[in-house]
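J.: Pulled these from TrEMBL:
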- B:6-68: domain 'ATPase F1/V1/A1 complex alpha/beta subunit N-terminal' (DOMAIN)
- B:111-194: domain 'ATPsynthase alpha/beta subunit barrel-sandwich' (DOMAIN)
- B:212-435: domain 'ATPase F1/V1/A1 complex alpha/beta subunit nucleotide-binding' (DOMAIN)
- B:Gly232, B:Pro233, B:Phe234, B:Gly235, B:Ala236, B:Gly237, B:Lys238, B:Thr239: ATP binding site (BINDING)
- B:446-527: domain 'ATP synthase A/B type C-terminal' (DOMAIN)
Amino acid sequence: MYKKIGIVGDKDSILPFMALGLEVVAVTNEMEARIGIDRLAKEAYPVIFVTEPVAQMVPETIKRYDNVAIPGIILIPSNQGTLGIGKERIRENVEKAVGQNIL
Amino acid sequence: MKEGKIIKVSGPLVVANGMEDANIQDVCHVGTDRLIGEIIEMRGDEASIQVYEETSGIGPGDPVISSGEPLSVELGPGLIASMFDGIQRPLDTFMKLANSDFLVKGVETVALERETEWTFKPTVAVGDQVVAGDIIGEVPETKVISHKIMVPYGVKGTVKSIEEGTFKVEDTVYVLETEDGDKAFNMIQKWPVRRGRPIAEKLNPKEPMMTGQRVVDTFFPVVKGGAAAVPGPFGAGKTVVQHQIAKWGDAEIVIYVGCGERGNEMTDVLNEFPELIDPKTGESIMERTVLIANTSNMPVAAREASIYTGITIAEYFRDMGYSVAIMADSTSRWAEALREMSGRLEEMPGDEGYPAYLGSRIAEYYERAGKAISLGQQGREGSVTAIGAVSPPGGDISEPVTQSTLRIVKVFWGLDATLAQQRHFPSINWLNSYSLYLTEVGDYLNEAVDPSWAAMVQEAMTILQEEANLDEIVRLVGIDSLSEKDRLTLEVAKSIREDYLQQNAFDDVDTFTSREKQFLMLRLILAFRSISLRALDLGAYLDEVLEGTIELRDRIARSKYIPEAEISKIEQIQKDLQVKVEEIIEKGGLQHD
Ligand SMILES: Nc1ncnc2c1ncn2[C@@H]1O[C@H](COP(=O)(O)OP(=O)(O)O)[C@@H](O)[C@H]1O
Ligand SMILES: [Mg+2]
């Protein structure tokens, strides 16, 4: 079954993904970021990529989807390079899931 | 009548021989002290008599005389605001005569005060034809109750004389010309307590009896003419529930039977009730109340009679056209009295030692409740609503008294020890309690209060049931796994439980809630739900809604303390809530759709 993937971030970072068929939501501020992520979640995108700088703008929104199966929010570096928070999140979640830090 | 001789005394049970003239259910005078008893079994010339007074000091050889009459009550002016024991001896005069708080043996009293002068006003004229059940005149018994003097059962004729004036209860007030000649009547009727008073027609009860108790009126209502049971372990709040309904229920007459419970509870009633004002009449509630007390320090057998005495008085006022409520606290003590007598009679015991006829006795009692048209040429509509507390040992409702009761009553208010421990009062468990009158009452209140009443009740009940399911999930996998809508459901359910169902009987305002206020309160809580749901749909987060409405939710929680005269304030809270949530939505920059 075909599943849609969405991506939220600043225009320069995410535009290339359009070519891959992702639903691209370009945002410039907190409000747009929040509405964008919530919209994709509501439209049942199972996976949403969010660039790290945008995720930092809307921690409340990211937290909302922490404990639900769908959508999975995956933080990716922006074109400015990684901030390390995506990896940190994965580490935290793995630790929660298996009970210890195995990464 | 021939005198019998006692051959055996076993606690409250006395066996006498030489009683061949007597009949079962006859009242007897036992021993030289002339203790009052009732024959409950006849074998040949041997009568087994349950004695309503302490039997120490009487023994074999003492005399027993049957009165030849069944145990009866006196019905007439003077019942209201009186306090009687289980066989209708007035307790205040009794205490004066015996000079003691406790029953002193063999003191003979009459039920109705003989010396009081009553103003009697005829409602029929000389020459009128009357039949049993017709009202021939009225006596203003208290400020709120007009006592109707009715033609006794089995009598019919033409009024020969009748006059306005002041009379004592034993004075002749009217004379009828009957087939068997002229008959003079006073204001007293006698009626055997174990027989239901006859009616012309039984009606289907539909109108709710409003009690001012939110959980009862909204979720588990009882109708005028219905029957309800309040089972619960010790300390769960049975007595408080009964007192609350006696105080605030919208029945016109209340009969309160204290049966085998702690003596000081009846003292509470005596101290409290006269000071309480009936919101409907503006007068003391004693002006419409009859008290019957058979507390645990009084003999067991009299308890057995007390609920029959109570319901007979209730039926008498029903026949006048009043709505009557009878409270019995507790029917378990009555059933235990039955068990004790049955044991002493050496009958074959049934479940848990109760006699096999326990179920049919309980049914006989509750079946005397109902809505009916009285006898008489112009039948009147009256009702008896019966509410019985049951005290199952250890709170285990699978025991025989509770089970037999639940087979017959249509309303079950299950009091819950856990809720009582959490100070959730009234501790009526909303998940297992029920009322089979919910549909009728819903229809009635849709008309009388608001067309959305029944739907709102249904919605609130569904939320409480969802809460129970969600609680289960939360226990298994934690609150984080719930969606925001589910978390909102939990919030609303909590509000229904704490802000609506919980009701403090000892708070001046909270103790009583009119149906209009109940409607506004429930609508407010449900409005919080629908307004929040809409905000979530528009993209607001639950945490934002909850944080933004802290102050408003506090006002919702305190709406129960808003006095009846100011209930429009509840509507204001709802308006403010609407505005506040709009703000939250706008602050999020989220668009209205
Ligand atoms: N509606 C209520 N509001 C406040 N307190 C209550 C309420 N119902 C019961 N209680 C508390 O519970 C206590 C026990 O209630 P009670 O009716 O005597 O229990 P029971 O008759 O079941 O043994 C009361 O003394 C009172 O403190
Ligand atoms: Mg009690």
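Keep in mind that glycine also has a Cβ here, set from the backbone N, Cα and C atoms.
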J.: Note down the number of other Cβ atoms within 10 Å of the Cβ of B:Thr239 (ATP binding site), including every protein chain shown.
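T.: If we count other Cβ atoms within 10 Å of B:Thr239 (ATP binding site), we arrive at 22.
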J.: Enumerate same-chain residues with a sequence separation of six or more from B:Gly235 (ATP binding site) and a Cβ-Cβ distance below 8 A; give 'none' if the list is empty.
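T.: Same-chain residues close to B:Gly235 (ATP binding site) (Cβ under 8 Å, separated by 6 or more) are B:Ala417, B:Ala420.
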J.: Over all shown protein chains, what is the count of other CB atoms within 10 A of the CB belonging to B:Pro233 (ATP binding site)?
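T.: Step by step: centre on the Cβ of B:Pro233 (ATP binding site), count other Cβ atoms within 10 Å, giving 19.
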J.: Under 6 Å from ligand 1 by C-beta, which of these binding-site residues make it: B:Gly232, B:Pro233, B:Ala236, B:Thr239? Sequence order, please.
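T.: From B:Gly232, B:Pro233, B:Ala236, B:Thr239, counting a Cβ under 6 Å from ligand 1 as near, the near ones are B:Gly232, B:Ala236, B:Thr239.
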J.: Determine, for the ATP site, the additional residues of the same chain whose CB lies within 8 Å of the mean position of the CB atoms of B:Gly232, B:Pro233, B:Phe234, B:Gly235, B:Ala236, B:Gly237, B:Lys238, B:Thr239; present them in sequence order.
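T.: Not counting the recorded site residues, we get B:Ser391, B:Leu415, B:Ala417, B:Ala420, B:Ser427.
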J.: Tell me which binding-site residues (B:Pro233, B:Ala236, B:Lys238, B:Thr239) have a Cβ under 6 A from ligand 2; sequence order is fine.
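T.: Checking each Cβ against ligand 2, the ones under 6 Å are B:Lys238, B:Thr239.
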J.: Using all protein chains in view, find how many other C-beta atoms are within 10 Å of the C-beta of B:Gly237 (ATP binding site).
T.: 24
J.: In the domain 'ATPase F1/V1/A1 complex alpha/beta subunit N-terminal' (B:6-68), how many residues does DSSP assign to helix, to strand and to coil?
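T.: Looking at the domain 'ATPase F1/V1/A1 complex alpha/beta subunit N-terminal' (B:6-68) with DSSP, the answer is 0 helix, 36 strand, 27 coil.
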J.: What are the DSSP helix, strand and coil residue counts for the domain 'ATP synthase A/B type C-terminal' (B:446-527)?
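T.: Output for the domain 'ATP synthase A/B type C-terminal' (B:446-527) reads 62 helix, 0 strand, 20 coil.
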J.: Averaged across the domain 'ATPase F1/V1/A1 complex alpha/beta subunit N-terminal' (B:6-68), what pLDDT does the model get? Just tell me the whole number, please.
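T.: On average, pLDDT over the domain 'ATPase F1/V1/A1 complex alpha/beta subunit N-terminal' (B:6-68) sits at 91.
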J.: Counting other Cβ atoms within 10 Å of each Cβ, which of the binding-site residues B:Gly232, B:Phe234, B:Ala236, B:Lys238 scores lowest?
T.: B:Phe234
J.: For the domain 'ATPsynthase alpha/beta subunit barrel-sandwich' (B:111-194), give the DSSP counts of helix residues, strand residues and coil residues.
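T.: DSSP composition of the domain 'ATPsynthase alpha/beta subunit barrel-sandwich' (B:111-194): 0 helix, 43 strand, 41 coil.
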